[in-house]
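**Q** Positions annotated as domain 'Succinylglutamate desuccinylase/Aspartoacylase catalytic' by TrEMBL: A:10-205. Annotation comment: TrEMBL describes A:20, A:23, A:115 as Zn(2+) binding site. The feature active site, proton donor/acceptor is assigned by TrEMBL to A:177. The domain 'AstE/AspA barrel-sandwich hybrid' annotation in TrEMBL covers A:218-299.
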């Protein structure tokens, strides 16, 4: 049996809610934790909750000027922010200053980012890629120990694109994407699930910091490979909706020839790919403007080596 | 047997989608019907589809300056609109000019207004009150003949308040309130239901215009009697969410002492009324700002006389 990979202990952990101001589970949890952080406290590390986009939260919208969760790229972080810049560019620089700088040794050890989706994604765990060893072990721990069922792992980093999500500021990260929940609504069931997963994730860090050996494992995960837009009229307006057979079927196999859209004339539009995919973010409200009706993923099994805190 | 009440035939009918710009079933249906009105056409009357709040639709928000569906009151309609007025005041005056004037003999005979809600309201039929004889017969016809199940009737006019909804511009009106559907999302199932109900409602008008006698009947309906706000902190922020036992239970009996909220500390808050009510609009996203967590209704049975087209 080979040695585990030794990783440094985690000292500073951030929890962001309201990266999108109308995804209410994280907004209300973080506001609660800012008043009463007791349930975040563990003995071996410090946890800092914060509101990602306070102005968007105030107006209960996703963002003011541009999507904060696409703004942590060097082009936005490494220019001098001025008052004339979009609000989210200024805010991304503030967050980078407090919890980063991104890519530096001063950055926070871990960042959680709390999201909701209108899609039927269950309690989805978003990791950049399978090379995020610590996050992958955390996901494995959550799947094995959390009372919340159906926590599929999704790799959110499209191949060839850089990580520009809020959580990319810290050295490691995990985003929670819980749904279905409408924008601007807090459902008690989703709130409770998010809370349970967060508690379990913090327990994992505590155990890791205390020297627990986490053995090697294989785990199933989904990788985004393609985005599919709605059919549109020449003027850009959508000409069809998600087919009733596909609606709410996130993470379920979509086979070539399966119906994917239904036009306003009642015509079915069939999937024209030649392979089976597992669609996610089906009918996510915020993705209409991003020209994404759903994302196609491939399912894979990923082997991860054992880890333990280094000395 | 007494004579039926004789009512004038209907010649001009309007169908409004997008009174709220992020309630997508009506938005997409009306846009489709503006391109292809064939399914709205009947032999005895003319149907005019229109987008209620085009700027809000464009931005996919409920409204720009104020809620259009609360703007059809004399205070807004009877002043000279200037460019400095809120957009919805100008737009309400335009709609009133085209389809009204409200309360006048020139007004359209009937207006449909197509809405969605994030609450689990089914395919709810909104009528001002039981005195809207023609609308009540239409509801009865829909309940008996439409393939869509669960079409409860809700009287939306709070006692003592004047009708300031969009549909109040016409002589008669019916609003459809279909849910649950997130804001900014079009679900094929809700779209199909709205379409079926509209077809059935237009069939009813056609039969009425052709002289069909619609006999007297008794029908069950719900009347809003009270609005209940979320518990709030002194700073105005909500301190509890809808209790999981109440979530999605629209039109189901809520008894004194039943749990209605759950605080972020996990404490249950019980209903403190001394009577059974039937809550509706439970956790409607747009009502957080209106300080309404849900509306309490009373259920009643309402007798309606026979109607027939007058000569």
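Cβ coordinates come from backbone N, Cα and C, glycine included.
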**Q** Other than A:20, A:23, A:115 themselves, what residues in this chain have Cβ atoms within 8 Å of the centroid of the Zn(2+) site's Cβ atoms?
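**A** Once A:20, A:23, A:115 are set aside, the remaining close residues are A:18, A:19, A:22, A:26, A:62, A:69, A:114, A:116, A:117, A:177.
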**Q** Just checking, which of A:23, A:177 (recorded positions) has the fewest C-beta atoms within 10 Å of its C-beta?
**A** A:177
**Q** Please list, in sequence order, the residues in the chain of residue A:115 (Zn(2+) binding site) that are at least six apart in sequence and whose C-beta is under 8 Å away from its C-beta.
**A** A:19, A:20, A:23, A:26, A:126, A:175, A:176, A:177, A:178
**Q** For the domain 'AstE/AspA barrel-sandwich hybrid' (A:218-299), what are the DSSP-based totals of helix, strand and coil residues?
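**A** Split into helix, strand and coil, the domain 'AstE/AspA barrel-sandwich hybrid' (A:218-299) gives 3 helix, 35 strand, 44 coil.
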**Q** For the residue listed as 'active site, proton donor/acceptor', just give me the three-state DSSP call.
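**A** DSSP call for the residue listed as 'active site, proton donor/acceptor': strand.
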**Q** What is the pLDDT of the domain 'Succinylglutamate desuccinylase/Aspartoacylase catalytic' (A:10-205) when averaged and given as a whole number?
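**A** When the pLDDT values over the domain 'Succinylglutamate desuccinylase/Aspartoacylase catalytic' (A:10-205) are averaged, the result is 95.
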**Q** Under DSSP, is residue A:115 (Zn(2+) binding site) helix, strand or coil?
**A** strand
